[in-house]
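Residues or ranges marked as Zn(2+) binding site in Swiss-Prot: 184, 186, 197. Look at Swiss-Prot and you will find 113-235 tagged as domain 'MPN', backed by sequence analysis. Swiss-Prot lists 184-197 with the feature motif 'JAMM motif'.
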């Protein structure tokens, strides 16, 4: 499929920039957002910027994965292998992708109150959300649930990470925390807890009862999504925390 229509040939109300101003970025197609970044078109068939955006998505789709999944981690040279994409266009796209990651991953300031799973996710996204290997991390809180700090405890493979509950308990005491949230990522993006996740959470809840420091939640992060095991399971009813 080719796209010969130029942006100048499109009615002004239907051009990507004008549409973004009129209806907002979230209502634009992915190819339109790419067109705004590209600025101009070209490539085989002298494609318009929108056409080149479609062409990029088609080329990335050949990998049998979601094009946006590939785009998130693509290199400049991989982008430049697509006809019509030179260094200027490639670096503009990659800079926009990285900026999007950073705005999503913004960390709360130290001493911010972590009063919801979403606040904890914000504190951990930089370390966990987009990683290609499983990371297990902890969020340490004071008695008012204010953030003391975060720490990645272990790094595993693409499908698992091994965690010793005793190490979690030691680190919690070392940090002088009054409450704890643990979290890990699923690189697949499927944040449904596995049986191993549930078993580990049960062990941690039992152990935290013994050291009298509450485990507030166990979060699973991945591909922009998250799951709170406190909300999704009955484990906290079975093993109440102080």
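Placed from the backbone N, Cα and C atoms, the Cβ positions cover glycine too.
Only residues 6 or more beyond the boundaries of the motif 'JAMM motif' (184-197), in the same chain, are considered here, and those with a CB under 8 A from a CB of the stretch are 128-129, 131-137, 158-161, 163, 218-227, 229, 232-233. In the domain 'MPN' (113-235), helix, strand and coil residues by DSSP number 44 helix, 37 strand, 42 coil.
When pLDDT values are averaged over the motif 'JAMM motif' (184-197), the model yields 94.
Apart from 184, 186, 197, the residues listed for Zn(2+), the same chain places the Cβ atoms of 134, 185, 191, 193, 194, 220, 222 within 8 Å of the centroid of those Cβ atoms.
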